[in-house]
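In what follows, a single structure is set out as structure tokens and then discussed.
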Amino acid sequence: MNNFLLLPIIIPFFFGMILMFGQKKLAYQRITALFGLVISIVCAFALLATVYENGPQSVTFGSWPVPFGITMVSDTVSALLVLTTLILAFFIVWYGFGSIGKQREQFFYYPGVMFIITGVNGAFTTGDIFNLFVFFEVLLMSSYLLIVLGGEKAQLRESIKYILVNVISSALFVITVAFLYSVVGTLNMADISEKITEVNQPGILTVIAVLFLMVFGMKAAIFPLYFWLPSAYSAPPIPVLALFGALLTKVGVYAIMRTYTLFFTHDLSYTHELLLILSIITIIAGCIGALAHFDVKQIIIYNIVIAVGVILFGVAQMNEVGLEGAMFYLIHDMIIKAALFMLIGIVIFVTGTTNLRKMGGLMKTYPALGWFYLIAAFGLAGVPPLSGFIGKLLIVQGGFQAGNIWTSIFILASSLVVLLSVIRIFIYAFWGEQGQLSKEINKTTYNRLFFPTMLLVIVSIFYGVGTEWIMPFMEDAAKILTDPSIYNDAVMKGGE
Amino acid sequence: MKTNDVILQFTAKIVFFIIFFYAVHIFFAGHYTPGGGFVGGLVTSCAIVLLIIAFDLKKVQSILPINYIYLVATGLIVALGTATFSMIAGKPFFTHSFDYFNLPILGKTSLHTAALFDFGVYLVVVGVTMTIIQTIGEDE
């Protein structure tokens, strides 16, 4: 019994509620939103420290005995993700002050952000499969609000597609949970895991595993199911896009990671082989998209797809090194994607266009922006001292250990394409002749946008340089992922 | 030309109270019989919708000057407050408690904190339904 782990979920929820009052008062909205996030970050830090020292924490709602109540479980995996989510939300909200626009701010933008954080954190922390569905809906509902808020033509068009796709995948989620419930008769994740171990995964459970892969793959944008993402993500304004790109697909990735390490571990040759093949094709599809476009937003959006493939490749290895790499890369990717979207947002703000061909010569006028973009781009591709390196190294090492030599080499090769796609932005936008410049640049707005972005890039540098400090947490996370019994014991005993 | 709907308006005034008290009944019956905060809230908003049909949106707003968005937020705070109250008491989140009380008129009654949570749900449902209907109705 330990309620502390609920605070990173409850506090944003509570601040979302009180932000619904006073919607026209800008200062109140901004200060309250930031204040709420700061408190949550402090709680998440403390939670990570507790979880790291005392092992996974769990609480079952309403003092019910374990498999019967809703259990919330915080292990190192989820505590790390919760902390990253909150830190990113803090920087993105800060960044939004300069770019989201007064009209949106006065129309429930901040409550929307707070509720999306509630949903994401809840989905990371829950220990009950149906509760996971509920938190998915919480974050999706808020994302529907944020994607359509503002009511521009493109936003209205893309939100229709986005909502349609997500409603279908949510219905599929319910059907899959119903299937699973009819087979194992329980909804608690630890209990499901034990029941599946008892029946040793007959054919029907493999079918359910593939159904789950479809459901979460639709959320996470894996190969045949990523079709909605590029157009849907190009519609909302930059801070919302950063929030979506950094958090939403990663919840799907986390859910695949959780179900495929906790539930479906007895028919690896089928389920994980499928995951491996799909992740490879996802990377190919993402690479093609990232190279094909001359639109800065689209290039980074396709990089989300690539990263999802790389992380899932790590998960598919099912050995400790691979999972450790997947965890490391997951958090790196959340940070760096948020930073890149924010940088791109500044570039778009300065030039007034998203078309690469019209840009040029920003290095002379905005050198700091250029250098920070270069650092972030190298970080994304995995140049050694920066944050993307260790994760990918471990993933590839895991691939070699599992005997997937050629696919691992392919992962390495894909880094080159990633590097090429982001360096292309650098070359076109920052080098060469002076291109188009927006007429509405003003220095204060620019600084407002630049400052949080700069800090976030610095955070990502620390994440790369400080690998030694972060490694123990990742090792702990990977240990829990490879050995479901740690998770199960913590849940089954924690509720008494 | 203005139609005179005196019969509709007169009936609505009476039926409103019948529906509203039925909603209150459903709300309190929820613990032992079918019902609860969700249907209670829906039936209450049905009563208000009846008033809107019989009169018009502006008049109903002046009779019931409620900001429904604030109502949603209040309902959420009530629900979360009930759930978090047990945290302060050192029990897991959402632990409800109940006891029997001797109330002056009703006699021996069991009071349960789940009713408070239900009340939060009730407020949210009324608020959301009325916000949807009002915003669509006001739209030109």
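Note that the numbers count up from 1, one per residue, in the order the chain is shown.
Using the three backbone atoms N, Cα and C, a Cβ is placed for every residue, glycine included.
These figures come from a predicted structure and were not determined experimentally.
What TrEMBL records for this protein:
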| type | residues | note |
| --- | --- | --- |
| TRANSMEM | A:34-52 | transmembrane segment |
| TRANSMEM | A:72-95 | transmembrane segment |
| TRANSMEM | A:107-124 | transmembrane segment |
| DOMAIN | A:128-414 | domain 'NADH:quinone oxidoreductase/Mrp antiporter transmembrane' |
| TRANSMEM | A:130-150 | transmembrane segment |
| TRANSMEM | A:162-184 | transmembrane segment |
| TRANSMEM | A:204-228 | transmembrane segment |
| TRANSMEM | A:274-292 | transmembrane segment |
| TRANSMEM | A:299-316 | transmembrane segment |
| TRANSMEM | A:328-350 | transmembrane segment |
| TRANSMEM | A:371-393 | transmembrane segment |
| TRANSMEM | A:405-428 | transmembrane segment |
| TRANSMEM | A:449-466 | transmembrane segment |
Margin query: Using Cβ atoms and a strict cutoff of less than 8 Å, what residues sit near the transmembrane segment (A:107-124) while being 6 or more residues removed from its termini?
Written below: 8-9, 12-13, 15-17, 19-20, 23, 29-30, 32-33, 36-37, 40, 78, 81-82, 85-86, 89, 92-93, 96, 100, 131-132, 134-143, 145-146, 149, 243, 247-248, 251, 254-255
Margin query: Are there residues at least six beyond either end of the transmembrane segment (A:34-52) with Cβ under 8 Å to its Cβ atoms? List them, or say none.
Written below: 4-5, 7-8, 11-12, 14-15, 74-76, 79-80, 82-83, 86-87, 89-90, 93-94, 114, 117, 472-473, 476
Item checked: Whether the transmembrane segment (A:274-292) meets the transmembrane segment (A:405-428): three or more C-beta pairs under 8 angstroms -> yes
Next item on the list: Please work out whether the transmembrane segment (A:449-466) lies in contact with the transmembrane segment (A:371-393), by counting C-beta pairs under 8 angstroms that are 6 or more apart in sequence and asking whether there are at least 3.
Entry: yes
Notebook entry, point to check: Is the count of Cβ pairs under 8 Å between the transmembrane segment (A:328-350) and the transmembrane segment (A:162-184), pairs 6 or more apart in sequence, 3 or more?
Noted result: no
Checklist line | For the transmembrane segment (A:72-95), sequence-distant contacts whose Cβ falls under 8 Å of one of its Cβ atoms, 6 or more beyond its ends | finding: 5-6, 8-9, 12, 33-34, 37-38, 40-41, 44-45, 47-48, 51-52, 55-61, 110, 113, 117, 120-121, 124-127, 189-190, 238-239, 242-243, 246-247, 250, 254, 257-258, 327, 330-331, 334-335, 338, 342, 345, 449, 451-453, 455-456, 459, 473-474, 476-477, 480-481, 486-487, 490-491, 494
